[in-house]
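Asks: For reference, the structure I am asking about is given below.
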Amino acid sequence: MKRFLLCSFTLILLYPAGIDMYLVGLPRIAADLNASEAQLHIAFSVYLAGMATAMLFAGKIADRSGRKPVAIVGAIVFMMASLLCSQATEGSLFLSGRFLQGVGAGSCYVVAFAILRDTLDERRRAKVLSLLNGITCIVPVLAPVLGHLIMLRFPWQSLFYTMSAMGIIVCLLSLFILRETRPARLAPRDLSRSSHAAESLINRFFLSRLAITTLSVSVILTFVNASPVLLMEVMEFSRGDYAITMALTAGVSMVVSFSTPFALGLFKPRTLMLVSQGLFLTAGVTLSLAHTNTVTLFGLMLICAGFPVGFGVAMSQALGPFSLRAGVASSTLGIAQVCGSSLWIWLAAILGISALNMLIGILIGCSIVSMLLILSVAPNRSISEHEEIHNQSRP
């Protein structure tokens, strides 16, 4: 079991590392490529576009050909794309590398969730996803620090050499440590009609959890996107104060994430999901009424506490009905989360909504819609029939 957890963690880790590690070198990258920082900020959107593109096909391939081949190919693509970014001499080549990085990270991300679905029951899966969420919260804090230390002695290309090395490590783990978890009884070229019917993506429960997780990811990405403007322009924080504040928010997320597995032993998953949305609603109201920086910061901390309480549980429930199509289900969730959150941020920017109101709007909207879905769409008894765990992994 440890091998599956180790491999799943490293597969997921490529996604946040690809976002956060290079940011500290952005000014030097822009100078060397004769591009403005504003032009290179689109690299974030290009990276997410690459992830969404990979998710369109990675899940289905993983269900038909296996988790291991997709993980290996994804890691190789991430590694090669990182090298391409390091050798870029102009902006378009750099953005091409970022897109391919997203393709590699997206493929690995989908496989990681499929592996967890294959090997863990719902309660253990929810606990592990909460722990993984806590660990990945460390990356946005540590990655820029590591990047800064690297750039004290080496050029910005070393940031991408480091990411390439991460891709090599993930590839080696996938090649020699990871065992295939795809159900042995799943035919490689076709699925029976009865299996498709039993595990259809078009069912109320899955769609409700897809909506909840998409809205929750939209909240956290809106927070990340709006935080520089909100903290440094509206609240007039210095860069140092901003860094400290973001480290504190990451710390809150980590503490709550590591506490959630223990809470799952005391409370029902539905209770934790309602608590999560209650914290989002409280945060939205707090931010809308805040007149001081202290109250605003309290509202931001509530966001970082609310997300890890319910996200892992909701993801676990969403994957629960899919014994044979975990890859497709994982892809669908990933695409919805990436595209849904990007669409909200884009629409808010087009409409000229301020950073604070953008955050308040998604907090209140997410909490109300999610609470209604949690209360009105409960897991069906038939879902438990499909909660099959495929521990008999093959080499």
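Glycine is no exception: its Cβ is also placed from the backbone N, Cα and C atoms.
The following feature annotations were taken from Swiss-Prot:
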{"type": "TRANSMEM", "residues": "4-24", "note": "transmembrane segment"}
{"type": "TRANSMEM", "residues": "42-62", "note": "transmembrane segment"}
{"type": "TRANSMEM", "residues": "69-89", "note": "transmembrane segment"}
{"type": "TRANSMEM", "residues": "93-113", "note": "transmembrane segment"}
{"type": "TRANSMEM", "residues": "131-151", "note": "transmembrane segment"}
{"type": "TRANSMEM", "residues": "158-178", "note": "transmembrane segment"}
{"type": "TRANSMEM", "residues": "212-232", "note": "transmembrane segment"}
{"type": "TRANSMEM", "residues": "247-267", "note": "transmembrane segment"}
{"type": "TRANSMEM", "residues": "271-291", "note": "transmembrane segment"}
{"type": "TRANSMEM", "residues": "295-315", "note": "transmembrane segment"}
{"type": "TRANSMEM", "residues": "328-350", "note": "transmembrane segment"}
{"type": "TRANSMEM", "residues": "355-377", "note": "transmembrane segment"}
Asks: Are the transmembrane segment (131-151) and the transmembrane segment (42-62) close enough to be called in contact, which here means at least 3 C-beta pairs under 8 A that are separated by 6 or more residues?
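Replies: The transmembrane segment (42-62) and the transmembrane segment (131-151): touching, no.
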Asks: Between the transmembrane segment (247-267) and the transmembrane segment (295-315), are there three or more C-beta pairs closer than 8 Å, counting only pairs 6 or more apart along the chain?
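Replies: As far as Cβ distances go (cut-off 8 Å, pairs 6 or more apart), the transmembrane segment (247-267) and the transmembrane segment (295-315) touch.
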Asks: So what's near the transmembrane segment (355-377) in sequence-distant terms, Cβ-Cβ under 8 Å and 6+ beyond its ends?
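Replies: Answer is 204-205, 208, 211-212, 215-216, 218-219, 222-223, 225-226, 229-230, 234, 270, 273-274, 277-278, 280-281, 283-285, 287-288, 303, 344-345, 348.
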Asks: Between the transmembrane segment (328-350) and the transmembrane segment (42-62), do 3 or more CB pairs sit under 8 angstroms, pairs being 6 or more residues apart?
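Replies: They do touch: at least three Cβ pairs between the two stretches lie under 8 Å.
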Asks: Taking the transmembrane segment (158-178) as the first stretch and the transmembrane segment (69-89) as the second, find out whether 3 or more Cβ pairs fall under 8 Å, excluding pairs closer than 6 in sequence.
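Replies: Touching, yes - the transmembrane segment (158-178) and the transmembrane segment (69-89) meet the threshold of 3 or more Cβ pairs under 8 Å.
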